[in-house]
């Protein structure tokens with residue numbers, strides 16, 4: 001069981017809802033949970049229900065027991081206002097949609113929720129190539145390393161905060177060209193002040209157990225709620241690369257294989273970095289991949305997300321929205337209810353007043 005946080009191109013064909021497309025990698029029926037036996041004269045209910053998910057290219061059918069919702073990197077470093085990430089940022093807006101729609105829908109359908117987050121150890125940091133170590137980080141002014149200001153990371157996660165800091169210096173008579181040095185993964189981030197005035201040690205960048213690698217409060221509450229579920233509880237899995245499914249095997253791929261999960265719904269930040277990196281590795285390993293685009297966010301230029309969505313829609317898998325998932329779950333549950341109601345009526349037999 002993965003550790004828990006408590007331990008710290010042609011145009012696509014027209015959509016067709018009339019002929020939904022089952023995903024090829026679904027396990028055979030023998031993998032599905034059987035229902036209790038029914039009388040021989042009556043048809044048994046289906047062993048499981050399929051979830052119809054509308055996408056721009058076609059309606060696909062998901063098998064909930066073999067599907068997981070991956071929530072990638074919705075951590076304080078990427079979302080916290082204390083580090084300059086406003087509530088209106090793309091990542092925070094995506095998180096709000098997941099909390100409101102996609103996560104409740106997934107749990108209702110019996111889809112496993114997997115929180116896939118950066119969580120480095122010292123050994124992993126020592127073995128990490130230099131290029132990977134600078135994947136995310138921040139800058140500090142020379143001589144003020146202990147007094148960390150919200151700064152840039154390698155891919156513009158906090159570019160707005162940097163520009164604002166430079167503007168203020170210019171207005172104050174400075175030239176805005178104070179020398180800065182880059183700090184990568186594992187670097188001490190120093191003390192930060194939260195919105196309620198509480199002061200916390202942000203810890204080392206994206207290291208396991210550090211405050212900056214934890215989830216913001218609302219997301220942490222959602223994880224803890226899901227982790228208490230008796231059936232298909234949420235799981236937290238650490239990763240040590242942008243992709244959580246890189247190389248020959250990772251804790252994430254081991255978990256998915258153990259659980260028989262073959263279809264993955266991708267959400268989180270950043271769309272064009274850790275989300276797409278994980279998605280492309282999953283695609284290459286044979287998983288069915290669906291990008292939940294409004295459940296993802298990035299501060300990269302709009303074209304970056306558009307390119308990922310374009311390729312996912314036409315090559316790597318499918319693209320859908322949180323609302324599509326929510327609607328698909330409701331349709332599945334309605335169909336399941338109708339089937340079981342019909343079976344229940346057959347089991348009750350003819351009633352007085354029925355005409356035949």
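Every residue gets a Cβ built from N, Cα and C, even glycine.
Feature annotation from TrEMBL assigns compositional bias 'Pro residues' to 1-15, 25-46. Taken from TrEMBL, the feature compositional bias 'Low complexity' covers 47-57. Feature annotation from TrEMBL assigns domain 'Isochorismatase-like' to 232-307. The region 'Disordered' feature in TrEMBL is assigned to 1-57.
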For the domain 'Isochorismatase-like' (232-307), the number of residues DSSP places in helix, strand and coil: 29 helix, 22 strand, 25 coil
Average model confidence [pLDDT] within the domain 'Isochorismatase-like' (232-307): 97
